[in-house]
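Some features that Swiss-Prot has for this protein:
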- 1-401: region 'Carboxyphosphate synthetic domain' (REGION)
- R129, R169, G175, G176, K208, I210, E215, G241, I242, H243, Q284, E298: ATP 1 binding site (BINDING)
- Q284, E298: Mg(2+) 1 binding site (BINDING)
- Q284, E298: Mn(2+) 1 binding site (BINDING)
- E298, N300: Mn(2+) 2 binding site (BINDING)
- E298, N300: Mg(2+) 2 binding site (BINDING)
- 402-546: region 'Oligomerization domain' (REGION)
- 671-861: domain 'ATP-grasp 2' (DOMAIN)
- R707, R746, L748, E752, G777, V778, H779, S780, Q820, E832: ATP 2 binding site (BINDING)
- Q820, E832: Mn(2+) 3 binding site (BINDING)
- Q820, E832: Mg(2+) 3 binding site (BINDING)
- E832, N834: Mg(2+) 4 binding site (BINDING)
- E832, N834: Mn(2+) 4 binding site (BINDING)
Amino acid sequence: MPKRNDIKTILVIGSGPIIIGQAAEFDYAGTQACLALKEEGYRVILVNSNPATIMTDKEIADKVYIEPLTHDFIARIIRKEQPDALLPTLGGQTGLNMAIQLHESGVLQDNNVQLLGTELTSIQQAEDREMFRTLMNDLNVPVPESDIVNTVEQAFKFKEQVGYPLIVRPAFTMGGTGGGICHNDEELHEIVSNGLHYSPATQCLLEKSIAGFKEIEYEVMRDKNDNAIVVCNMENIDPVGIHTGDSIVVAPSQTLSDVEYQMLRDVSLKVIRALGIEGGCNVQLALDPHSFDYYIIEVNPRVSRSSALASKATGYPIAKLAAKIAVGLTLDEMLNPITGTSYAAFEPTLDYVISKIPRFPFDKFEKGERELGTQMKATGEVMAIGRTYEESLLKAIRSLEYGVHHLGLPNGESFDLDYIKERISHQDDERLFFIGEAIRRGTTLEEIHNMTQIDYFFLHKFQNIIDIEHQLKEHQGDLEYLKYAKDYGFSDKTIAHRFNMTEEEVYQLRMENDIKPVYKMVDTCAAEFESSTPYYYGTYETENESIVTDKEKILVLGSGPIRIGQGVEFDYATVHAVWAIQKAGYEAIIVNNNPETVSTDFSISDKLYFEPLTEEDVMNIINLEKPKGVVVQFGGQTAINLADKLAKHGVKILGTSLENLNRAEDRKEFEALLRKINVPQPQGKSATSPEEALANAAEIGYPVVVRPSYVLGGRAMEIVDNDKELENYMTQAVKASPEHPVLVDRYLTGKEIEVDAICDGETVIIPGIMEHIERAGVHSGDSIAVYPPQTLTEDELATLEDYTIKLAKGLNIIGLINIQFVIAHDGVYVLEVNPRSSRTVPFLSKITDIPMAQLAMRAIIGEKLTDMGYQEGVQPYAEGVFVKAPVFSFNKLKNVDITLGPEMKSTGEVMGKDTTLEKALFKGLTGSGVEVKDHGTVLMTVSDKDKEEVVKLAQRLNEVGYKILATSGTANKLAEYDIPAEVVGKIGGENDLLTRIQNGDVQIVINTMTKGKEVERDGFQIRRTTVENGIPCLTSLDTANALTNVIESMTFTMRQM
């Protein structure tokens, strides 16, 4: 069937900011889809609110709108652009929900917009729990015993019929938002009320738990001629009961018999045909390990996290082909881009094993609730490819960057066996490592199986890993055993530990005896057809398939899994760097291990190595490819941390030299530089012990900011007010040492300013200066940033420009530099300097049309900025006002305090742009999920130090018609100024404020921290209750002021004469 000619313009909806459950996989899918549609000759309009994505680059679509993904804003774009069609299945759950809302409100019909791909009725049939269950019953496909509820009372009725445990699944949500497993009445009440709150349809499915069944997924494709294929099937190592995004996954499935595999394959295809899916679709099934009984759990009628994994696991580009199916092409007429000879209707075959392990944020949120269930908690994931299951698992473990390199914990010896077993009996993010620890202590596999329900096949593989450890210990230095361990994915570091050698000695031993990996191609067809994809993985076998060319090469290190503090912004920079390398005539090679991203799409670079980002794995590639040099400044802290180790092997680090990278991080050297170039910084010292830190603080004066050196995303950073807090920090939060000193700085309150610049060694260009709305002390990644600055004087701007140029030249920066300043009462001070790409690079690149990462890469190759037409200093300002607003995923993470401080907590960002600051802020806040209303009720409970400041704020909110609730202390302060406020009781008292929040009486909460334990606990409960009820809670008065400005601009002020 030829493609459709009756449509010319297609609107694609992106997935918005990165949140838990919806990460970079949709940037990858959206980018592929837009390019595929353009390739077929359609005009593509894209709307997405996330500026940190490749898909929002002007080259990807014909028109790009970075606007909030709400019904009203998309409706405006539809009315303005008049597209012929809308493709909603590539923007995750956000895109689907938007399509449904636009359909129901009549916007699509009024503007003659057709929906492409899967029909709306099919989407609703798959997403609406009631309709789905009915369809399954008609098809005779078993679903778990279940009931649809719209109220908590109905849930209790169902519980009386079937008993516990019960699984709650809210309709039309993603990442399991609001869902969970209930074991008792209290949990049932809490989870169902939460689920009804998060479901746009106020509907939950309650099902009898089948926890303990195997969880199997099939990624399938279908076209309008009813051709349907299975792209990939995957098995969750964790049994049913843990969200698939939080499960360790293997592809292809390892424990199914052929009969089981074919049975589940047939069911998956039967279901997608019955639903009439056109495009990609993910089917999740549960299989009883002891019989042929199975249940269908759910169907996602769209491109998903699993389809990104399936695409990277097989090399089969699901999103690209799904977009083409949506415009009428069929599987049997599209070539498979990997082989270039076989058609897309051939099912991929794998001759390797894939392991995916989720990346959790608990290294940042140590107090977070770690227990895993049906609600997703991982921020990202890693994937590894091997020829044995053990090899792929161990490669994936060392890709995670938890400081864990093997199946066990660094301090594993210190736990007693009872504690280890206790940890295994709970499903959490560390269970895998505790299982390794238990096997090491001789626990039987039977006992572990009974505790976890993990299939014996996998437990035997874990046992094999531990057995090899013992063999290495018994045959220290034996080459046969070294080779054998390498076949099963052991790292040099792990072998060194068992051989009683250093990692470097094991590396040298391998080199002398020619024990090196070869690189195999990922070709979708197990080498049955000719294939020329430049997509490789390393393994210890004989034949190397990665042909080294004569061209000069540059190797770019990616940024690994998405986590808080290191998001998709770094992938954006990596991709742009690769494009610049290719334009300059070099061969570009990427090393990365994140299956969700654009950088690991094999069509982006000349060669892609899907490998862990460790010294050993990267050196193996460098030894084969012998690149001109390695670029580390675009891969976040992951890549920067490898620079030292690679340089020791004689590898050339391109761009800013290693010595200068270290000068920016080393306290004493950096201070010496600042004195030399005459740039002030807050008074500070470094401490290598608690005693030294106390002496430093006494000299500098409280409050002080304390943090470890060499970290990203402000990990373990705190503002402390006295000796007791400082002692606490030094003994609990960090292990200070001469190699890793702790920095103690004077805490200056003032405006925080962020600047990104590019330097070629001679010229420094500054694309833009951003002002933060929150004063210094809130991590820059969690602050609202505004471009251009709104409140700075000409003198301050000139000083910022001068200091930035001095710093970039003083550090001999070649490439990018990011600097944070604070403007305090008496001048501009530099807070920190990062000699690398930063979180704000995509944001500024979009605003100014200056392709910052590409210019930086060209400077690294040796081109001059003046030859490219740029003058030194701040570049001309773009028209309009732009804000970057942070987006948090607190509703997915229990027990995490949402107070903003120097440690980063946001998972993503949105951009708001308009002609005035208030309008841009309105868009930024709306896009980040804060509903801005021009009237309502605000609850204020602030610490004593903020009471004076909150008066003015209360007065303004009162004048625009907001009703004020306040706790007694705050209310008394407001009464002094004749501002009316209703007094609410403290937690547990009369007219308790938590009850008022839960009853929906409050639209905004303003709550600032009070130090001191009891109050902190109250404050923590208040903040968590707001999150669980979906109410914006502002913990910084600066954010509250900005929101008030927006409210004032939307409404009229009522003041008596």
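First residue shown is number 1, and so on along the chain.
Note that Cβ sites are derived from N, Cα and C of the backbone, with glycine treated the same way.
For N834 (Mg(2+) 4 binding site), the same-chain residues 6+ apart in sequence whose C-beta sits under 8 angstroms from its C-beta are A664, I817, N818, I819. This prediction places the mean pLDDT of the region 'Carboxyphosphate synthetic domain' (1-401) at 93.
Here the candidates are the binding-site residues E215, I242, Q284, and by Cα distance the one nearest G777 (ATP 2 binding site) turns out to be I242. The 10 Å shell around the Cβ of N300 (Mn(2+) 2 binding site) contains 25 further Cβ atoms across the protein chains shown. Between the binding-site residues E215, E832, E215 has the most other Cβ atoms inside 10 Å of its own Cβ, all protein chains included. When the binding-site residues L748, H779, Q820, E832 are screened for a Cα within 10 A of the Cα of Q284 (ATP 1 binding site), none qualifies. Cβ neighbours within 10 Å of Q284 (ATP 1 binding site), excluding its own Cβ and spanning all shown chains: 20. Looking only at the binding-site residues G175, G777, the densest Cβ neighbourhood within 10 Å occurs at G175. In this structure, the CA atom of H779 (ATP 2 binding site) is 36 Å away from the CA atom of N300 (Mn(2+) 2 binding site).
Fewest other C-beta atoms within 10 Å: among the binding-site residues I242, L748, that description fits L748. In sequence order, A126, F132, R169, Q284 make up the list of same-chain residues 6 or more apart from E298 (Mg(2+) 1 binding site) whose Cβ falls under 8 Å from its Cβ.
Look at the region 'Oligomerization domain' (402-546): DSSP puts its residues at 75 helix, 11 strand, 59 coil. The separation of Q820 (ATP 2 binding site) from R129 (ATP 1 binding site), Cα to Cα, is 49 Å.
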